[in-house]
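Here the structure is laid out as structure tokens; the discussion comes afterwards.
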2 protein chains.
Amino acid sequence: MSFVLTKDLLDKVEKAVDTKNSQFVENELSLLRPADISTVLNEMDTEQAMFVMDLLTVETAAEIISYLDEDVCIPFIRNYPSETIAQWINYIDSDDAADILNELPLQTREEIIAFLDSKEKADYIIDLLHYEEDCAGGLMAKELISANINWTVIQAIDEIRRQAEKVEKIYSLYVVDNQERLLGRVSLKKIILSNDETRIADIYEQGIVAVKTYQDEDEVAEIMRKYDLAAVPVINERGKLMGRITIDDAVDVITEQAEEERQIITGISEDIEEDDNVLMLTRARLPWLIIGMAGGLMGARFIGLFEKDLAILPAMAFFIPLITATGGNVGIQSSSIVLQSLANKSMIGVNYFQRLFKVLIVAIINGVVISVIVFGFTIILGQTVNLAGIVAISLFFVVLLASFMGTITPLVLDKLGINPALAAGPFITTANDLLGLAVYFSTAHMLYSF
Amino acid sequence: MSFVLTKDLLDKVEKAVDTKNSQFVENELSLLRPADISTVLNEMDTEQAMFVMDLLTVETAAEIISYLDEDVCIPFIRNYPSETIAQWINYIDSDDAADILNELPLQTREEIIAFLDSKEKADYIIDLLHYEEDCAGGLMAKELISANINWTVIQAIDEIRRQAEKVEKIYSLYVVDNQERLLGRVSLKKIILSNDETRIADIYEQGIVAVKTYQDEDEVAEIMRKYDLAAVPVINERGKLMGRITIDDAVDVITEQAEEERQIITGISEDIEEDDNVLMLTRARLPWLIIGMAGGLMGARFIGLFEKDLAILPAMAFFIPLITATGGNVGIQSSSIVLQSLANKSMIGVNYFQRLFKVLIVAIINGVVISVIVFGFTIILGQTVNLAGIVAISLFFVVLLASFMGTITPLVLDKLGINPALAAGPFITTANDLLGLAVYFSTAHMLYSF
């Protein structure tokens, strides 16, 4: 039953759009879900997409808008007058609506709010615009159903009826006191299974998990994941119920986090996709390439200092890639393991000293294994025992130092409030290249001075 | 309201456990949620954890078991007789129960199933054990509420009452025909707002998203993410309703995917954590280090072929790290961008040729920028125009080739059914090191032959 957009279908629809064959487009789209239609629109140019939108009901169009990628959505809707945008916003949940309005110019934003059908929706959005996008307040929707602790079940059902159209997904009712402070929740299941006259006070669940408006979105996602929650209430500092975050928003946070981490680790400095234009792709890639290049030039300068040693023992040059590559690999592995601990917040009861001690042991084992193998192969490659010794000894220390740096760097970045994933990317590779060269050439220089 | 385990609390509880101070431990734990108690147990040794489990009710203990990490849970519960495990399994949802039983020896498994209180639960588990763990069938739980299309609302409510204890989270009822084939769903909201005598046939929602038992877990997670679903029904090839997957399981899939991808990219070959033992950590890291080392040795052998060129122009050695590092960085960036497209399945309407053409343009721009800068700096570093030319020209071709390889490799791996993330890890770095050396030394050799 799931839908995957094919090039074939897209071509058919695009051709129909270009020939203004409304009937055909309507027929094709009627078979699709709104989330699928937004995938189609994502691939179309503005004119085509506007033609398609005109064929849809306001409600469907609104849902499609809420599914569009933000970088497609904002430029697209700016083709429409504020009044049309307001008609869509009427149907969009307050959290998504606030996200969209946040990206529009102040004047457009105020016009749209003025055009909204319901004063309540306008107030919701104005309230949400106060919060930073990456905290619980920026993630929550105002649409939720709350029940006063003094109500009976039938009163709660009346409230559900009143709000039914406004709140699409209801998993439970949040129970509040007269000051709107969150006390707990009642599941819809319990409402169905209770008598009309049962008091909410007698059936509600206390001590539920809630998040504060100012909590970071990563923390919210982690809490929802940990406690397996489909929705979590958001309260302010005084315990007042302010909104509700549903799991789909947390899933988006988790997905974006993972994507961002991969981009950082692989040396991409902006959020890009393969179908972005050449300029954006280049701009996202050049910064790290240039840093890597700067590292490479420093390396060249550094090796230059040992020109005389190289003249005496030119075969030393053969092993430069081995030294730098090993340093890079070991450093990245070490950072990655620390990153994982930081993400899981699971390293309780392990202090820095114990941590580094363990890193040291693992590094010694890896270092010995690699050094011994390399020593053997270097001799097999026809080099002298002398050179094989230099390579093996430096490799051992490179593994040790790279492990140490790879472990320390993410911990330090994290303490400084910088994204520790930076430590598993080109930065650590570049640093380790230089470190490796330093170890290699100093070792050679010292051993040859004897 | 959220709980983060502190070293302080853990120490207090561990001390109380060691002195068998049951009263204190019970008091502390009574303040925690089951998910939090499992975090505590995760940090304890077996004897301590067993002492804690004895203090809890069977129901709480069962919930804790279902929250434990699998690699902690299985060795831990094997300390208990099958009868005790069965008592816990009585309270654990069939999907988690099957995951646990899957890891136990056949005999224990059958003993546990025989000890279960309910025949229905036993049948559920036996059914689930048939599915691979990483498909929809392996993810789903059998606990769900279905309503026959011919029922009225009051009959559906009776069914909810009958199943209430068994099915903890109910978002909607799945509507089926007399052959148990899935037709659609009714939300609990609708049940609450409808009259008792309303026919399910008149209020149910058709054409809902469902997944097939054999669909891959990544696909299931992507579908739930795309359509913002809190739960998705699972059907077999003939459309029969087989189970239900809730979003918390999809979230686990997404988190594990991201973690696995990071491990692959950073050259870690087993699923490890920082608090695993030294042997496991070493075993997970050595394979890629050894592959990197083999690459380095091949590189050494390769450079050795150009020993004469190096003797003529020893300064060539200075730029080896620059060449290899740039190749590595460019290759990883290119793979990363393709990986993202593969993950988003968003590259519709772009064929291989267009893709490579764009890659080529970006590579040319990056290559030119870097080559020009490097040319300048090489001369500033005091090298000859000749050498600067060799370095700049090879760098340009290295960027081109590495972009090409970085783009092609993940696409090919994906077509072969191999995890394309492999292409953004040490494999591509190693390959690009060799590629870079080949380009550099051949360029130098050719230019000098003139």
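The count begins at 1 with the first shown residue.
Placed from the backbone N, Cα and C atoms, the Cβ positions cover glycine too.
Remember, TrEMBL labels are computer predictions, not curated facts.
Taken together, the residues in the domain 'CBS' (A:140-203) have a mean pLDDT of 94 on the 0 to 100 scale. The annotation domain 'CBS' is assigned in TrEMBL to A:140-203 (among others).
Sequence annotations record features per position, and here TrEMBL assigns domain 'CBS' to A:204-260 (among others).
The annotation transmembrane segment is assigned in TrEMBL to A:286-306 (among others).
For A:312-339 (among others), the entry in TrEMBL reads transmembrane segment.
Taken from TrEMBL, the feature transmembrane segment covers A:359-381 (among others).
Marked as transmembrane segment by TrEMBL: A:387-413 (among others).
As annotated by TrEMBL, transmembrane segment applies to A:420-441 (among others). Sequence-distant contacts of the transmembrane segment (A:420-441), counting only residues of its own chain at least 6 positions beyond either end whose CB sits under 8 Å from a CB of the stretch, comprise 260-261, 264-267, 288, 291-292, 294-296, 298-299, 302-303, 305-306, 309, 316, 319-320, 323-324, 326-328, 330-332, 335-336, 338-339, 342, 390-391, 394, 397-398, 401-402, 405-406, 409-411, 413-414.
For the domain 'CBS' (A:204-260), the DSSP counts in helix, strand and coil order read 24 helix, 17 strand, 16 coil.
The DSSP breakdown of the domain 'CBS' (A:140-203) into helical (H, G, I), extended (E, B) and coil residues amounts to 21 helix, 18 strand, 25 coil.
With a threshold of 8 Å between CB atoms, the same-chain residues lying at least 6 positions outside the transmembrane segment (A:312-339) that come near it are 261, 299, 303, 359, 363, 366, 370, 374, 378, 383, 387, 390-391, 394-395, 398-399, 401-407, 409-411, 420-421, 423-424, 428-429, 431-433, 435-437, 439-441, 444, 448.
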